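Under the heading ATP binding site, TrEMBL lists GLY151, GLY153, LYS154, THR155. For 140-270, the entry in TrEMBL reads domain 'AAA+ ATPase'. TrEMBL lists 356-425 with the feature domain 'Chromosomal replication initiator DnaA C-terminal'. Marked as region 'Domain I, interacts with DnaA modulators' by TrEMBL: 1-81. The region 'Domain IV, binds dsDNA' feature in TrEMBL is assigned to 329-448.
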Amino acid sequence: MDKLWGQAREELQKIVGADSFATWIEPLRLTGVSEGTATIACPTRFLSDWVARHYSNDILQVLDRIEGPVQRLNFETRAQTARQAAAPAKRVAAPRPVAANDDLAAPLDQRFTFENFVVGKPNELAHAAARRVAEGGPVTFNPLFLYGGVGLGKTHLMHAIAREIQTRQPEARVLYLSAEQFMYRFVQALRERTMMDFKEMFRAVSVLMVDDVQFIAGKDSTQEEFFHTFNTLVDQGKQIVISADRSPGEIKDLEERIKSRLQCGLVVDLHPTDYELRLGILQSKTDNFRQQYPGLKIAPGVLEFLAHRITSNVRVLEGALQRLFAFASLMGREINLDMTQECLADILRANDRKVSIEEIQRKVAEHYNIRLADMIGPKRVRTVARPRQIAMYLSKQMTSRSLPEIGRRFGGRDHTTIMHGVKKIEELRSADHSLAEDIDLLRRLLEA
Ligand code: ADP
Ligand code: MG
């Protein structure tokens, strides 16, 4: 089979030219010929669709000439083959290495499904929007723009969307890739003079998903190309899903026109996790780990402890749990609080960075352009009183200080004044969208 394919490849290269050959034919493998049907293995579905549409005749002719009657091509994608081979084992171990270079689309991580995504207050909107887009149907928000800090589940949701669409509509061409890969493809196409192919390839997708789009900020020609691809697809009513580590408006060195197009659809953020969500995620991951380490015991209170103490991001939380299980299984011990503290000392210390009330006051004052002294002072005008209440609210949320202690640091105010301020902001928060955004931004700045 290899010899036959080797010969066929040589002829195909002459027919289609070196560039197209390298892009489209090189990644293929002939795996069998029987009863007039040649089976060809393809790394991705996207590639097989493309080759089937553009090169079927060439391949058939060449095989027919060398091998005798071949009338049909049957494309098998690696994903299918892998699924068949790997079906019995449930994977909970480390993620697969990302994106072999000859893949057009990045491979999807098997674990990043909607079922494995734990929903809580901080991510429920993003989750709902992702679900809606994944259901297909009429394109309602285009693009869907997901943003949030590192490790909060953007890539997880993107993969879940891609997988779900592909399951519901097997014929849809879903192209998922990182902005970095987009740039890499673009530069490669420039170098190899295959821009026509590049453009056509992107413009033939039904759903385009670009992860970590902040990466192309400041990369001018890549931005330009991205903008054109984006517009063409939107005009054709194709769904686009984008992720970034901040909102379109906050991405520096991104062209204004791109910013405004990105804001045209639905922009939703993944908020920093709260205690309940972290606990939920820990419980769900623990269930997975239990299958990998059967018989391992975990003492009550350990997960709660971790949810309290590791607040940075979900990736760190997962890593901590993984280490804990590995350690416990090696030592043949139960996972209890003592062992947790010993085994995760470094992670716990890194998460220990506590924000002080002074820092909060300073950041909030800076953000609202008021004097730091007014945080503590007696002024009651709204422009000063409101930021002061926000600082009180953040102090209650982000530090472990009691209300009387907080009161003392706000110029010796009574604890009921603090309580009132905190309540006020809680109320406003749910009614006033821009205030809620301000608070999230401040919190992110303070946590950074
Ligand atoms: P991002 O792309 O936002 O940096 P990822 O999507 O890579 O973050 O998430 C980091 C890790 O945390 C992944 O292993 C992911 O499965 C996990 N994760 C994040 N949020 C959740 C969630 N809500 N439920 C389950 N796992 C999550
Ligand atoms: Mg990511």
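From the backbone N, Cα and C atoms, a Cβ is placed for every residue, glycine too.
Listed in sequence order, the binding-site residues among GLY151, GLY153, LYS154, THR155 whose CB lies under 6 angstroms from an atom of ligand 2 come out as LYS154, THR155. When the binding-site residues GLY151, GLY153, LYS154, THR155 are scored by other C-beta atoms within 10 Å, GLY153 scores highest. Residues GLY151, GLY153, LYS154, THR155 make up the record's ATP site, and a Cβ search at 8 Å around their centroid adds GLY148, VAL150, LEU152, HIS156, LEU157, SER243, LEU270, VAL314, ARG315 from the same chain. Each residue of the region 'Domain I, interacts with DnaA modulators' (1-81) gets a DSSP state, and the totals for helix, strand and coil are 50 helix, 18 strand, 13 coil. Per DSSP, the secondary structure of the region 'Domain IV, binds dsDNA' (329-448) breaks down as 88 helix, 1 strand, 31 coil. Computed over the domain 'AAA+ ATPase' (140-270), the whole-number mean pLDDT of the model equals 93. In the three-state DSSP scheme, LYS154 (ATP binding site) falls into the helix class.
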